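Per Swiss-Prot, the feature active site, nucleophile maps to Asp50; the stated evidence is sequence analysis. Residues annotated as substrate binding site in Swiss-Prot, with sequence analysis given as evidence: Tyr101.
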Amino acid sequence: MYILKIAYDGRYSFQQQPHKQTVCDILLDALEETGFLAKKKVIYSGGRTDKGVSALGNFVVVELKKEPILSYINAKLKDKGIWVLGYREIDEIPKVKYRHYRYILPNIGYDVDAIKEGAKKMIGTHSFHNLSKRDRTKEKSPIRTIYDIKISENEFYLTVDIIGESFLWNMVRKIVGALDLVGRGKKPVEWIDKLLDENHREGVPTFPPEGLILVEAKVDIEYIYDNYSIRKFKEYWGEFFKLQVMKIGIAKTVLEFTK
């Protein structure tokens, strides 16, 4: 077995699905076309993400015939917004120590201190039944453990870093939805306590997937990295960043000159 560290830009959902292009399907096709794939199946992954959610440090475990050459694989993926950044041969599936998600929230004049106070209440082990979407295909306990939530800000956006053992469907996006209401003064900080009360039921907005990135699914693996692939990956995101800065400038100009 091999573990592959992968990144992607959110244009596809992650999990294999019939008659749909997904991160897993596209990756498996690339591994097959380059002659590395032994079995067309993802054995295990670090996290399943929805369409719109990006990833920097997700991983998949797959059966390969031989040691992969990442530059060959990434050449097949270059127009898909998917990259294999590292790999390691393994004998058993590694345990994920934690998952780190980051949400980028436009800075609209939030009460950041209130957001930080609300976030503190979510740290620890709680029932996140109000802060997740039920997956009807699986009966899962809503009890989850959040290790840390950190809030930072600049002129344009807030960064919400959430680190936990595991997450329920839409849990991070609903946590951000709750913090948004607190930060805009629509709900008091104490409202978070009600959301975490296992006997209380209340709907919470789910924020868009485009603001979310899986920073890392942490495992005790020393990946073998390919410098060329890393360089091309950084070049892509460098160009992406420049384009977004231009778009921000255009948007500000439109708002400035529109009466």
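Residue positions begin at 1 at the first shown residue.
Cβ atoms here come from the backbone N, Cα and C positions, even for glycine.
Describe the structural context of each listed feature in the structure shown, including burial, neighbouring residues and relevant distances.
For Asp50 (active site, nucleophile), the same-chain residues lying six or more positions away in sequence with a CB closer than 8 A to its CB are Ser13, Phe14, Asn170, Pro209.
Tyr101 (substrate binding site): 25 other CB atoms within 10 A of its CB, across all protein chains.
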